[in-house]
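See structure below.
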Amino acid sequence: MISLLISGTISFLITILVTPIAIRELRKRSMGQFIQEEVSMHSHKKGTPTMGGVVMWVAVTVGYVVAHFRFWSFSDGWTPSIIPFSVEGVLVLMAFLGMGLIGFLDDYAKFAQKRNLGLSKRWKFLGQVVIASLFVLGANAAGVSTKISVTRSVGADLGPWVYGLFVLFMLIAMANAVNFTDGLDGLVAGSGSMVFGAYVLITFWQFRNPDYYGISGALELGMVAAAIVGALAGFLWWNAAPAKIIMGDSGSQALGGALASLALLTQTHFLVVILGGLYVMEAASVVLQIFTFRTWGKRIFRMAPIHHHFELMGWPETVVIIRFWILSGMTVAIGVGLFYAEFLSVTDRGLAP
């Protein structure tokens, strides 16, 4: 538990203290946000410093690493030691930084081109495939179960090849889903704090019940999740409307990669669809918009992702953000409730001592 607190606290402090420095340096270099021509209601955000996700990279990495150094515990008092790094924790960090790197290249391309286009879809997809493939190789080497399930490894076994394709899809889909959601000040930072907070609870519970879940490196996974929660909370301080800095693809794609990898390694492949319901809804709105337009030549939303649809209906940006936070909080509560309910349905331990 102390390791989780250390990881999250250090990450939070780094983000909240370093972000204003990043804002100042990015402004000096005129590395600001470019706005889509279609999103005229966001014209006032033009020039807002972007690529804030890089600060989160540093915070999460440092928080995760430092949390391995233990100096004191409630049971043993002063006992300096080092918690061994696990393959699972490193895999999540790799997915986080790897997808973040693709996002950074996309952000930098926008700055170089002086327009809101970035990398071509082909190059972005190729980069995501490379990162996801490396994750598949790492997971295979670590002996990660190829079963897919809702809360633990009791589902259908896909076998290595089909599971590999499933992992590719999941990582790329979630990276893009979170990226689609990152269109309003603080929307991803606020909702992400709740979603990754849920994974702190889930991984800690799996760590405390190893005989039931059999998740290798559960505490390590919790340390990464806690570091991400801390980074998001610290970043939200500066990213809340009106945002002083934007995380950019550097942050949103990194978060999507981390979320998918946590779901894969905690055997919550389908539960993440509920926990990250906001991101699924945003991505689904984009897919539906494209499908209906190409099939019937009509759009079902005024604009996709769906948060822009509500803006064009007249909802103020802050209203959309808060209501979407509420939706995210509800899906997270439902997801965590289902996770715990499954445990209670099989055991009689619950929270009892």
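Placement of Cβ uses the backbone N, Cα and C atoms for every residue, glycine included.
Just so you know, TrEMBL annotations never went through curation; they're auto-generated.
Feature annotation from TrEMBL assigns transmembrane segment to 6-23 (among others). Long-range contacts of the transmembrane segment (6-23) within the same chain: residues 49, 52, 54-56, 58-60, 62-64, 66-67, 200, 223-224, 226-231, 233-235, 237-238, 244-245, each at least 6 residues beyond the stretch ends and with a Cβ under 8 Å from a Cβ of the stretch.
The feature transmembrane segment is assigned by TrEMBL to 51-71 (among others).
For the transmembrane segment (83-105), the list of distant contacts is 3, 51, 53-54, 57, 60-61, 64, 67-70, 119, 124, 127-128, 131, 134-135, 138-139, 141-142, 144, 171, 175, 179, 216-217, 219-221, 223-224, 228, 248-258, 260-262, 265: same-chain residues at least six beyond its ends, Cβ to Cβ under 8 Å. Residues or ranges marked as transmembrane segment in TrEMBL: 83-105 (among others).
Residues annotated as transmembrane segment in TrEMBL: 125-142 (among others).
Here TrEMBL flags 162-180 (among others) as transmembrane segment.
Residues annotated as transmembrane segment in TrEMBL: 187-207 (among others). Within its own chain, the transmembrane segment (187-207) has Cβ neighbours under 8 Å at 1, 4, 8, 178, 181, 213, 215, 218-219, 221-222, 225-226, 228-229, 232-233, 235-236, 239-240, 247, 251-252, 255, 258-259, 262, 266, 268, 275-276, 278-279, 307, 320-321, 324-325, 328-329, 332, 335-336, 339-340, 343, counting only residues six or more beyond its boundaries.
Long-range contacts of the transmembrane segment (213-238) within the same chain, counting only residues at least 6 positions beyond its ends with a Cβ under 8 Å from a Cβ of the stretch, are 3-5, 7-17, 19-20, 23, 52, 55-56, 59-61, 63-64, 67-68, 83, 85-89, 92-93, 96, 142, 152-153, 186, 189-190, 192-193, 196-197, 199-200, 203-207, 244-245, 247, 251, 255, 258, 262, 265-267. What TrEMBL lists as transmembrane segment is 213-238 (among others).
Same-chain residues lying 6 or more positions outside the transmembrane segment (270-293) and placing a CB less than 8 Å from one of its CB atoms are 148-151, 173-174, 176-178, 180-181, 191, 195, 198-199, 256, 259-260, 262-263, 299-301, 304-307, 309, 324, 327-328, 331-332, 334-336, 338-339. Annotation source TrEMBL lists transmembrane segment at 270-293 (among others).
Taken from TrEMBL, the feature transmembrane segment applies to 320-341 (among others).
Spatially, the transmembrane segment (162-180) is not adjacent to the transmembrane segment (320-341); fewer than three Cβ-Cβ distances between them are under 8 Å for residues at least 6 apart in sequence.
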